[in-house]
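Inspection log for the structure reproduced underneath, given as structure tokens.
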Amino acid sequence: MKLTCMMLVAVLFLTAWTFVTANVSRNGLENLFPEERHEMMNPNAAKLNNRDCVKAGTACGFPKPEPACCSSWCIFVCT
């Protein structure tokens, strides 16, 4: 009984927290993460996609450990 009551209070609290922290409280669940949704629709907009990597055919390996190959396969040259 106590566990059920605690779970109910926790769910109500988390639901209220979602609406309070939303940008627009009227459409709280729709506008909760607008920037991330934009990055999912346009992957080129994500900052993590802008990484430094070496293209195929370029030397890589022991004397030159970084930047990594774009394909992540290095056998003396990026493949």
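Yeah, the Cβs are placed from backbone N, Cα and C, and that goes for glycine too.
Marked as signal peptide by Swiss-Prot on the basis of sequence analysis: 1-22.
Annotation source Swiss-Prot lists disulfide bond at C53-C70 (among others), citing similarity to another entry.
Non-local neighbourhood of C60 (disulfide bond): V54, A68, C69, C74, F76, V77, C78, each in the same chain, at least six residues away, with C-beta under 8 Å from its C-beta. For C60-C74 (among others), the entry in Swiss-Prot reads disulfide bond, with the evidence type similarity to another entry.
Around C69 (disulfide bond), a 10 Å sphere centred on its CB holds 18 further CB atoms from the protein chains shown. Summarising the annotation, Swiss-Prot assigns disulfide bond to C69-C78 (among others).
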Sequence-distant neighbours of C70 (disulfide bond) in its chain (C-beta under 8 A, six or more apart): C53, V54, K55, A56, C78
Candidate with the highest Cβ count within 10 Å, taken from the disulfide-bonded residues C53, C74: C74
